[in-house]
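Participant: Pasting in a structure now, in structure tokens, and then I'll have a few things to ask.
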Amino acid sequence: MSGNTEPLSPRAKLAVTAGKAAAAVSRAAGRGSGSVIGGKVALRLDPDLLGRLAQHLDVILVSATNGKTTTTRLIAEALQASGPVVSNALGANMPAGITSALAGGSDARYGVIEVDEKYLSGVARDVTPKAIALLNLSRDQLDRAAETRMLAEKWREGLAGTQAVVIANADDPLIVWAASSSPTVVWVAAGQEWKDDAWSCPSCGGVLQRPSDDWFCGECGFRRPAPSWALSGDHVLDPHGSAWPIHLQLPGRANKANAAVTAAVAATFGVPPQVALERMYAVQAVAGRYDVVQFQGRDLRLLLAKNPAGWLETFSLIDPPPTPVILAVNARGADGTDTSWLWDVDYTRLAGHPISLIGDRRLDLAVRLEVAGLDFRVCESVDEAVRASAPGRIELIANYTAFQDVRRRVGN
Ligand SMILES: [Zn+2]
């Protein structure tokens, strides 16, 4: 045990109890797990509750545009080698959801917490984390590059002087800019596939030079820091130069990068890379993502892609043609209601795959694919799209609410 082991005050206990009651009422009313409403009620009764719940924990915060839910899960898995872990495993990543998750973990040693990008600085202030993992920043929904730059600036101000060890991706210039104000940073060369939001220097606005795996600003000298950990093909290189093989059930390069960051975080808490990597292998799916479900005699793999960088990473991990692909796009509140981002995604990567389109905005997607010169079929439902696809593996790629719709329909 670390830190303060004092029991919760009567007020904090009352807040936790009231939060649990509110969550139970919400569940009974059929409104999901109730964790967010429970957390809101509890925070209303005790605004300092989040900090109090975190007092007896070694807290690790994880934030990014993409991969934070998966990396949170990998870190939670790895740290269980060293003690019990409480985590917001289902991705409720704003203060109310985080409070609710921590309230259920009074016996834990570690709190592994995914944090929405906009709340990182505030949550870091409240919970005094031991470590903060920062993976990547790119535009999400309708955010444009300037807003991503502002977010990096907010992180930079919020993390200045933090006591936490910051574990940060050296290959993402915005992440480096954000993390550079922290006194202790462990740099991980985790790669960056999507570079469209990182051509201008976060420090001076100059044009970044990008020779092979390096980057630097010719104007002000801001440059890629020397990493102590690295992802190299299918291996993690540790600070001593040892290479540890990555075996994951989760697919794709992005998840190998998540594993490299996880190994660096685990080492900060004394868990050696080989132990951490072994434990990561146990993770098959994360909140339904990457799950393969049987549906109408096919094996449907469920993939989530929420923004241009996410779609690009997902195209790189699907099985080659002629594996059928179903694309599902909605534009409801949680997705962003504007679909202009479709034009930022290079769909020609799907050439050769039989493609079916579903979701509220399938016609927007159809226009986009028509212009890209691809063949496709527009379907009314996931059932119709699956029936129209050859038996065997089908890759289904969906944005946020479309993903939830599909999960409900296919019983996952
Ligand atoms: Zn510069």
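Just so you know, glycine gets a Cβ as well, placed from its N, Cα and C.
Here TrEMBL flags 65-266 as domain 'Mur ligase central'. As annotated by TrEMBL, Zn(2+) binding site applies to Cys201, Cys204, Cys217, Cys220. Annotated active site per TrEMBL: Asp338, in sequence order.
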Participant: Given the binding-site residues Cys201, Cys204, Cys217, Cys220, which one is most crowded in terms of C-beta atoms within 10 angstroms?
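Facilitator: Result for the most crowded candidate: Cys201.
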Participant: Can you list, in sequence order, the residues of the same chain other than Cys201, Cys204, Cys217, Cys220 whose CB lies within 8 Å of the CB centroid of the Zn(2+) site?
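Facilitator: Here the nearby residues are Pro202, Ser203, Gly205, Gly206, Leu208, Gly218, Glu219, Gly221, Phe222.
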Participant: For ligand 1, which among the recorded positions Cys217, Cys220, Asp338 have a CB under 6 Å from it?
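Facilitator: The qualifying recorded positions are Cys217, Cys220.
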Participant: Along the domain 'Mur ligase central' (65-266), what average pLDDT does this model show?
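Facilitator: The average pLDDT of the model in the domain 'Mur ligase central' (65-266) works out to 93.
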Participant: Cα distance, Cys201 (Zn(2+) binding site) to Asp338 (active site), nearest Å?
Facilitator: 28
